[in-house]
Ligand SMILES: Cc1cc2nc3c(=O)[nH]c(=O)nc-3n(C[C@H](O)[C@H](O)[C@H](O)COP(=O)(O)OP(=O)(O)OC[C@H]3O[C@@H](n4cnc5c(N)ncnc54)[C@H](O)[C@@H]3O)c2cc1C
Ligand SMILES: Cc1cc2nc3c(=O)[nH]c(=O)nc-3n(C[C@H](O)[C@H](O)[C@H](O)COP(=O)(O)OP(=O)(O)OC[C@H]3O[C@@H](n4cnc5c(N)ncnc54)[C@H](O)[C@@H]3O)c2cc1C
C-alpha cells in the first residue's frame, strides 16, 4: 500500500535492450516520414486551439461548433505554414477529430480523380483544392449499404433539357451516413441508378450541389440534415454524418462522373474504353490507408495500456512494501503483449500494402490486370482482419486499465468509439471475408486445372506438400524457426480452403454450398489473411535493420504475433493435423518465454511510436507517468464540479430528503 | 432494391413453433414475477417523465440534472402507488438509468444490514428506508481497487474523545469511483484501515456523514466532487461517481460497522463471535444479481439484433425483387444465435444462483460453512464469465446491425457503454478467475487425499473416468445427448485443472508456479465455469416445462449454447483428447442444423423477453418493426437539426469557402 515515489517509467526506460531512436525510424517507415510526422505532431500539440480534453463534456451543438472552429484553424495553419500535401494530411491526422475535411480530402477529391474525365477533373479539382466548394461522398442509403447494386436513388436523363434528374423515390432511398453531408458540404458525389431512355444502366456517381454558396441554405428540392448522435461522447459526434432526400433535383449532364461510362446528348449510354477494373485501384488505395490507420489506433491504445500497467501496482507486497506492477502479471502480459506485437505486425503489413498499391497502379497503366483480383481480395481481407482485431484490442486495453480505463480521461473510451465503425464502413468485415473466401475457393478449384496462384496466394501452389506436411517442431526453440512457423500457417490456411472447396462441391449448386458453408468459409478467409500478415512480418525481420538490438526486438514481437495466433486458433491447427497437441504445448511454452523477453522492453517499445501526450489524450498514458495527479486535475475540470452543490438540489434532492414527497417506503 | 411493404415481423411471428406466452413465464421465472415485471415495465413506459431518448445529446450538467429529476419521480411514484419493495426495485430497473438510488438501495443499505450490529441497523435502516439520508459505498481509492487490503485511508481511534479520525494520507488514498458520492449522497460507508493503540487491525467499514442535511454543503474536512465523464454519451454519465478526501474527519466510535469486529471505549479491538465468513454470504448475493443483470442486458441486445436482422434485407434478390433478410445468412446466424442461447443460459444459471444463495444462507444460519468456499468460487467465476460474454455480445449485436447499429438511436452504443464496467466492478474479471483457479487447484490436489469435492465441483469426484474417457459421439445426432455433451465439458475442465496442478508442482514454490502458469489457470477456470452453465441448462431442459413446444425450443438453445462453446474452444477439447477432430466436425454439423431449427422461432424467442419499446430504447428493435421511419424521426430531433444552417457557419465555414483565409492549398 505504500505508493512508489520512484518514477517507474524512467526506471523502465533504463532497462531497454535496444536503440529506441532507431526503432522510431523503423516504425515511421523512413527518416523523412519520421521527421514530418514528428514536426506535425508537435505543431498540433503545442497549439491551444487544438486542445481536445473538453470534448466529452460538451452537448452536441457546442461539440460540433468546436469542430468547425478546429477545421477552420487547420485550414488557416496549413496555409500560413505553407504545408505540402503530405504535411497537411499529417496535421489533420494529429488534430485527431473526425470532421468534414476527412471526407472532402479523403473521398470527394479521390472520387473525382478516380471517376471523372480529364475535363471534369480540370473543372472540379481546382475548386476543391482551394476549398471554394466542400464535398462529400454519398453512397449508402437508409435501406442499402453493403449491397451497392441495390441503391434506389435514381438519376434519370432528360434529353429535353440535357439534364439528369436526381430523385429519392422512397424513405429508404434517402442517402444516410455520409460524413460532412449533414451540415457542411456544398457539394456531393451521389451514387445513383442511371436511367436513360427508360432503361437502367447501373450505379454511377453524380456531382450535385447541395447548398447555396451565398448563404449555405439547401437548394430547392433538397431536404437535408444530420442523422443524430453516434457511439461515444465526443468521438464521431464531431462529424455531421447526414441524410439527404432529393425531390427531382436537376443537374447538368456533365455532372455525371463519366470516366467509365458516358451518356451522350441524345441519352445514349456507352461504356468508355477505360477498363472498369481501374476502379479497384482506388479501393486498394483506400483500404491500404485503413490498414495503416488500424496500426495507429492499435498502437495508441497499447501505448496507454503498457505505460499505465508499468505505473499501476496491485497486490504482491510483503509487509506493506511496494506492490507488484500489474505489467509483471503473466495474465496481463498474455493479454497485452500480443496486442503490442499486432500493432507492429499491422504497421509492417500496412507499409507493404503501400508497395502493393504502387505495383498494382503500375500494372494497370500497362494494362496488366492479372494481379488485380488477388490484390483486391488481399486488401479486402486485411482491411477486415486488422480493423476487427484493432477494435477488440482497444477495448481489451481499456479493460487492462481496470476501473480508470472507463474514465474518458483515460482516452480509451473515445478511441474505441471513434474507431469501431472501421469494422463497418468501406465494407462490412464479414461481407469482405466472404469475398475473400470466394476468391480462395476459386483459387483452389483452379489448382487442379494447373493454374498457378499469384501474389499472396503463391503458397497454395505448393499444394501437395501443404496437404501432407507434419510440423517438425520438437522443442520450444523450434517455434522460433521462420520455416516451421510459416509452414504451419500455410498448411492450416490451405487445408481449410481445400476442405471448403471440397464440401461445397457436395451441394446441388456452388451457390447453395457457399451459403450453407459460409461460417467455415469465413474461418478459411481469416486463416489466409493471417498467413499474409505473418509472412510479411517474417520477411521484415529477415531484412537488415539498423540500430542496436532493434532487429532482435522485432523478432521477439514477430514470434509473439505468430505463436499467440497458433494458441488462439489451436482448434484449427490441431483439427487440420498441422500440429500435434504436444507441439501446441511447446509453442505455448515458447510464447511464455517471449513474454518474459519483451517485458523489460515493453515501455520502450511503445515509446518508439513517438506519440505526443496530446495525441494520446490520456491521463494513464502520459509520457512522464504522472497518472494520479492528472486524473485528479481532469476530474476537477468536469462541468459538474463548477458548483459544490449541484444544480437540481433544491428541486429534486432536497424534497426527497425532507420527505416532502411523503414516501412511506421505496 | 424494392423494399418490402409486408410487415416482416408479423410474418416472422406467425412462424413460431411454440407458445410464446408460456415462454414468457419461463423467462420471468414464475407467473408472479412475470406479472410484477410486466406491470412495472408498462408504468415506466407510459410515463413521459421517464422518456430517455434525448439522453445522448445533453451536456453533462443537463444530463445529470435530468437524472435527478427522474430519481425524484421514481421516489414519488413508488410512494403514490404504494409499491412493495419487489415492485419498487423493478420500477427502478425499468427506468434504466444509473443513479444514486442504485447505490443507496444496492450497496449502502446492504452494507449496514450485513456489517452493522442489530443496534446499528435499528438506528440507520429506518433513516435510509425513508431516505432521510442518502448513502453510498466507498471502497475503491485512486491507487487501490482490486487489492482491498492495500487501501490507504485510515480510521484511527482516539480514546480521548471516543472518536475515529478518518483520514486520507495521500492523493492515491482519495476514495475514487463510488456512485452517488460526487454530488448527491449525504452519507457513505467508507472502508478504511482500522488503527487503534498504534496498531493496525485490517479493513472495516465506517459510516461518515458527507454533507449538511440543511443545505447539502460538504462538512468540514471533506473535499468531494465528481470524477468526470465516463464511456459513452448518456450511459453512466447520469451517475455522479465521485472522489472524496478526508482531512482528519471525526466520527463517533459507534459509526464503525461492528458486526464482525468491535472497538471498545478503551480502544481494544476484538473480533465478535459472528464468523467472518458471513461476509461471503453478501458477496454471493451481489454477484447473483450481477449474473441476472447479465442475462437482461444480453437478451436486450439480442432482441434488438434479431428483430432488425429480420427487417434488414441485403443482397440476394433476383431481378430487383425482394432481397434476403440478413437473418437468413448463416454467418449472421452463427454470430447471433449463440448469443440468443447464451441469454437463456445465463437467465437459468442466474435463477439457480438465487437458489444457491438461499441454500448458503440457510447453512450459514446453521453454522455450516462447508459449502462456502465452493459457492464463493462458483459465483466469482459466473460473475466473470457472464459479464465478459455479455459485454462482448452487446458489441457483436451492434456490429450485426451494420452501420445503423452505430447510431445512438439503435440503443446499442449506450447499452454497451453502460454495461461494460460490470467486467471491472465487484471484482475485475481476470482477478476473479484467478481466485476460481486457486480453488480448483486446491480441489484437485485434495482429491488424492480422498477429499470429496462438493457442489459444482462434484463432477471432479469422477476423476478416473474423466481422465481417460473418450467421447462416444459418432454422428451429428449424438451431440444432442446430454450425457455426451456433459462428459466432454467435464473431461475438458478436469483435465485442464489437473494439468495445471501437475505443472505447478514442478516449480520451486506453488506461488511461483501459480504466477508463471496463470494464463493456463485462467483457461481452466473458464472451462469449469462453462461446465456449470451447461449443466444447469441441461438440468433445466430435462425438467417438465409447460407450454406447447417450449421445452423443444429450450433444448435447441441448450445445445446451441454447448456446441458453439465446443467450437470456440475446440483447441482445448482436442488437445486434452476429450474429442477427436472428426467429432468436432460432427458437432459443427449439428450446430448448423440447430441454427436452421431456431431460425423460424428467432423473433418469437426474443418476444418472450417481453420487453417494452421504452426499455429497449431502440429504433432497430421496435416491436412493430417500423425501423426506418423511426430512425428518421429520431434524427430530426437532434439539436443540430434545430437550424438548417449550423451555428458556426459565419465564423468557421464561410471564411473557408470564401478564401478569406487565403489558403493556397491544403
Ligand atoms: C461512422 C460511419 C461513417 C460512414 N460514412 C459514410 C460515407 O461517408 N458515405 C457513405 O456513403 N456511407 C458511409 N457510411 C455507411 C457505411 O458505408 C455502411 O454502413 C456500410 O457499408 C455497411 O453497410 P450497412 O450499414 O448497410 O450494413 P448491412 O449490410 O445492413 O449489414 C447488416 C448485417 O448484415 C450482414 N450482411 C449483409 N450482407 C450480407 C451477406 N451478403 N452475407 C452475410 N451477411 C451479410 C452484415 O455482416 C451485418 O452483420 C458510414 C458508416 C459509418 C458507421
Ligand atoms: C462504473 C464503475 C462504478 C464503480 N462503483 C464503485 C462504487 O460504488 N464503490 C467503490 O468502492 N468502487 C466502485 N468502483 C471501482 C471498482 O470496484 C474497481 O474499479 C474495481 O474493483 C477494479 O479495481 P481497479 O480499478 O483497481 O483495477 P486494477 O486492479 O488496477 O486492474 C488493472 C489491471 O491489473 C490486473 N490485475 C490486478 N491485480 C492482478 C493480479 N493479482 N493478478 C493479475 N492481474 C491483476 C487486472 O486484471 C487489470 O487488468 C466502480 C468502478 C466502475 C468502473
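Cβ coordinates come from backbone N, Cα and C, glycine included.
Automatic, uncurated: that is what TrEMBL annotation is.
What TrEMBL annotates here:
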DOMAIN    A:20-134  domain 'Acyl-coenzyme A oxidase N-terminal'
BINDING   A:140, A:179  FAD binding site
DOMAIN    A:280-441  domain 'Acyl-CoA oxidase C-alpha1'
ACT_SITE  A:426  active site, proton acceptor
DOMAIN    A:482-658  domain 'Acyl-CoA oxidase C-terminal'
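Everything TrEMBL records as a feature, shown here on the structure.
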| residue | record | Cβ contacts under 8 Å, 6 or more apart |
| --- | --- | --- |
| A:140 | FAD binding site | A:175, A:176, A:177, A:178 |
| A:179 | FAD binding site | A:98, A:100, A:102, A:103, A:107, A:136, A:137, A:239, A:240, A:241, A:242 |
| A:426 | active site, proton acceptor | A:286, A:287, A:290, A:383 |
Report summary line: Cβ under 8 Å from chain B, restricted to the recorded positions A:140, A:179, A:426, picks out A:140
Requested in this report: Using DSSP, tally how many residues of the domain 'Acyl-coenzyme A oxidase N-terminal' (A:20-134) sit in helix, strand and coil.
Outcome: 90 helix, 0 strand, 25 coil
Requested in this report: Averaged across the domain 'Acyl-CoA oxidase C-alpha1' (A:280-441), what pLDDT does the model get? Just tell me the whole number, please.
Outcome: 95
